[in-house]
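Record features (TrEMBL):
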TRANSMEM  25-42  transmembrane segment
DOMAIN    37-416  domain 'Cation/H+ exchanger transmembrane'
TRANSMEM  80-103  transmembrane segment
TRANSMEM  110-131  transmembrane segment
TRANSMEM  174-197  transmembrane segment
TRANSMEM  217-237  transmembrane segment
TRANSMEM  249-278  transmembrane segment
TRANSMEM  298-316  transmembrane segment
TRANSMEM  336-360  transmembrane segment
TRANSMEM  397-417  transmembrane segment
DOMAIN    472-607  domain 'Cation/H(+) antiporter central'
DOMAIN    612-770  domain 'Cation/H(+) antiporter C-terminal'
Amino acid sequence: MSDTNPDDPCSGKISALFTRVAKHVFGFFLMVVLCNVTHYLLRPFSQPRITSDTFVGLLIGNLRIVHGFFDISAAQTLRFIIDFGMICYMFVLGIEMDPYVLFKLPTKDATVAYAGMLSTFILAGAITPFLNYTQEFKMSFSLTLSTALSSTASPVLTRLITSHKIGKSDIGQLVIAAGMHSDFISTLLISIGYIAYPIREKPSGKSRLQDSMEMTIALVIQTAITAKVSPIIMNWVNNENPEGKPMKGSHLVLAVAFMALVSSCSTVYGFSPILSAFMAGIFLPSEGRVSKWVISKINYLLSTIFYPIFFLWMGFEADFRQFEPGQMGTWARLFLLFLIATVGKVAGTVLSGVLLGFHWPESFALGLLLSTKGHYQIYLAIAAEAAGTISTSTSTVMVIAIFFTVVHAPTVVAYIIKRARKRAPTHRMALQSLDPSKEVRILLGVHGPQDAPTAINFTEISRGTADPGIAIYLTDMIELTDNIAATLVRGDEEDTVTVTDQSVTEMREQVTAAAQAYIDHNSDGVKLRRLLALSTFSGMSQDICLLAEDLMTALIILPFHKRQRADGTLDAGHPGFRYVNRKVLRNAPCSVGILVDRGLGLVEKISRSYTSLNVAVIFISGKDDREALAYAGRVACHPGVKLTVIRFLVENSSENTTRRAGSHRINVAEQEEEMKQDDECFAEFYERCVAGGQVAYMEKHLANSAETYSTLRSLEGQYALIIVGRGGSVNSVLTVGMNDWQQCPELGPIGDVLSGSDFSVKTSVLIIQTNNVRGELDGLDEDFSIM
C-alpha cells in the first residue's frame, strides 16, 4: 500500500481549508472571550453589553491581521451570515410589536414617542443635507437617515431599564413603551420607504413604478396572509401542544415552515428580506407557546453566536484607515449626528412633557434615553456604505455616533434613581431610625373586645417618656362579610361609609370604652385614635399597610392568629388572620410586630411605682434583633417593668462553628457586616440603659442551634413577655437548621420556639420585623413613581 503523496493538490486544498476554518473559529471564540471580559470590566460603570461589544468589535475588526484573514469570498460569506442574523433579529423584533396601536388613540407613551420622533426628523431633515454625508444630495438617503436618527433601539433600551431595576417604575414603563412605539414606527416607515427607493445590487430592468407596484402588492398579500392565517395555524399548534407536554416535532416544523414562508413572500419581487421578516413578524401572534419558543431560541442564538460575529463584521467594515481624522468635516459630521439624535429627542420629549404635565428633568431624561440606538442602526450604517451610498469614513462616523448614544444611558438612569430617592418620603418608618424628639406612632390591631386588655397593657409598657410621647392608632380588624356589606351606608364624602351592623358597632363600642377608660386615667404622653380596617381577608393587609403609610407609623402590632384556651394552650388559629399577618409582614412600609398573647392581657394594672412585670429581650444578630432592641429601649423607660437583655453569642472555642457555617452557605462578608452593626447598636444601648443599672444584662455563649433551643427552653416561666427579632434573613450559626421544623415561619426561628404549644403558658411573645427594603435600589421601591 503506497503512502499519501504530500504534493497531492487535493490534500493541499483540504489542509488549506481546515487552516482557514480553524483561524475563523479561533477568531470567533477570541471575540466571545474579549467581549465577555470587557463587559465584566465595564460592569462597575453599569454599561450595557452593546457598549463593550461595539468597543471590542471596532478594536479587533481594525487589526491588520484580521483584515488578512478575510479575502473577498470570506467577506462575502460573512455578509451572508450577518444578513441571516439580522433577518432573525428583525423577525423577533416584529413579533414583539403590536401593529394595532396605530388604530388606537395615542397614550402618554405614544405621545412622547411621536413627539420625540417628529422633532428629531425635522431637525435631521433640516441639517443633514448640508453636511455632505453623500457625494451628491439624495432624497432617499436623507429621509432614511432622518428616520433612523428619530428611531430608538427598543431591545437595547428595554434591557438597560430592566437591568437597572426601574422597569416597574412609572418612568421605566413609560420609557420602555415609548421606545417600542418609536422603534415600531421608524422601522415601519423605512419598510414603506424601501418600496419607493429600493436598493438593488443588479438592475431589475423594470421601471421604478413597476417595481414599486409589484413590491406593494406582494407585501399587502404577505401581510394579509400573515394577519388572517397565522392566528389559525398558531392557535391550532398551541392547542395541540399545551404547556407541560413535549412539543410535537411535526407541529413545530409546520409552524416554523409557515413563519419562513410568510417572511419570504415579498422578497420574490425584490423587497428587502430583513424588512420582510419584520413586516411578517408584526402580524404574527406574540402570545402562545410557539411564539415564545421562537423568541427564546432566536434570542439565545443571537446573544451567543450572532452578536460576536456581528460586531467583528462591524469593526471590519468600519475601517479606521479610511476615517479621515485630519478633515474637520469628519468631526463635524460625527458630533452633529450625535447632537441631532439627542437634541431632537430631548426637544420633543420636553415639549410633550409640558403638555402631559411631566417634570422637565424627567422629560429631559426621557429624551436622552429614547435617543439610544442599537444593532439595526449599526447595520443600516454599514449597509449604506456597502451599497455605495456613503463612504467608509461616513459609515464609521455613524457607528461611533451610535456608540455614544448608548454610553450615556446608564448615567441618565442613575440620575433618575437619584432624583427618585430625593423625592421619596424621608420618613424612615422604623424605631431604630426614629428621631428621639418625635413621638412614636404605632398602629395597634385588635380582633375584638377580647384583645382590648392586651392592647391597653401593651400601650402602657410602650409609652416611654411623656415628652415626646406616643400615638396609638387602635385599629379594629374586621372581616367584610356579605351581611356586613349589606348594612354599609355611604356618606356624603367620597369613599366614606358608615357601619350599621349591630354586632360590629357593639364590638367597637366595647373596645372604645375600654381604651377610653385607660386614657382617662393615663393621658400623660399618650394619644389614642380609633380606626377601622373593614375588608375581606384578601384586601385587609393592603388597607393596614396604606393606613400605616398615610399615618407614617413606625410600628404595626398585629395579634397572633392563635388564641389561648382556658387550659393555657393555643387553639388552631384563624387562617384568615394568619394570611393577613403574613401579607403585612411582606408588604408593610414600617416595622411589624406579631404579639402572641399568653397572659399579657390578664395583668390587671401595670404599676408605675413598683416592678410588676418581668420582660426580656433576646438579642442574637441582624436588623430585626436591632429593631427589637430599639423597642425594648422604650419598654425600659417604664418604672413598673424590669427588663433583662439576653445576648446570645457564638462560642469562639467551638471547633464546629466553621464547618457548620460552611455547610449551610453562610455568607462570611455579610455576617461580618451584620456583626459590626450589631456591636455598634448594642454598645449604644448598653451605655444608655445597662451601664446605669436600669436594665439587667446577661450573656449566653452557645455553639450551635441545639444549645440555642435548650437555652430558650430554660427561660420558661421566668418572664411575662419576651421580645425577639424575627430574623428571617440572618445567617447565624445559632439558628441554622431551626427553620426546618417551624410551625409558623412568619414568627421566625426564635419566635416559633417561644410561641410553641409546649412552651410556657404564661409567657407572651412579641416578634418584631423591621421594614423590608423591596427591590434592589438601596431603599427605593422598584415600582417608585417620579413622573
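Note: Cβ is positioned from N, Cα and C throughout, glycine not excepted.
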> If you run through the domain 'Cation/H(+) antiporter central' (472-607) with DSSP, how many residues end up as helix, strand and coil?
Replying inline: 56 helix, 37 strand, 43 coil
> To what whole number does the mean pLDDT across the domain 'Cation/H(+) antiporter C-terminal' (612-770) round?
Replying inline: 80
> Considering pairs 6 or more residues apart, do the transmembrane segment (25-42) and the transmembrane segment (174-197) have at least three CB pairs under 8 Å?
Replying inline: no
>> Checking distant contacts: for the transmembrane segment (336-360), what same-chain residues at least six beyond its ends satisfy Cβ-Cβ under 8 A?
In response: 108, 111-112, 114-124, 127-128, 131, 149-150, 366-368, 370-371, 373, 397-398, 401, 404-405, 786-787
>> Please identify the stretch among 80-103, 217-237, 298-316 with the greatest number of Cβ pairs below 8 Å relative to the transmembrane segment (174-197).
In response: 80-103
> Is the transmembrane segment (298-316) packed against any residues at least 6 beyond its ends, judged by a Cβ distance under 8 Å, and which are they?
Replying inline: 27-28, 31-32, 35, 49, 53-54, 56-62, 66-67, 70, 75, 78-79, 81-82, 85, 88-89, 91-92, 375, 378-379, 382, 399
>> Which residues of the chain, 6 or more past the ends of the transmembrane segment (249-278), have a CB below 8 A from one of its CBs?
In response: 83, 86-88, 90-91, 93-94, 187, 190-191, 194-195, 198-200, 204, 211, 214-215, 217-219, 221-222, 225-226, 229-230, 233-234, 237, 240-241, 284, 290, 293-294, 379
> Restricting to the same chain and to residues at least six past its boundaries, which positions have a Cβ under 8 Å from a Cβ of the transmembrane segment (80-103)?
Replying inline: 110, 154-155, 180-181, 183-184, 187, 259, 263, 273-275, 277-284, 286, 291, 294-295, 298-299, 301-302, 306, 309-310, 313, 375-376, 379
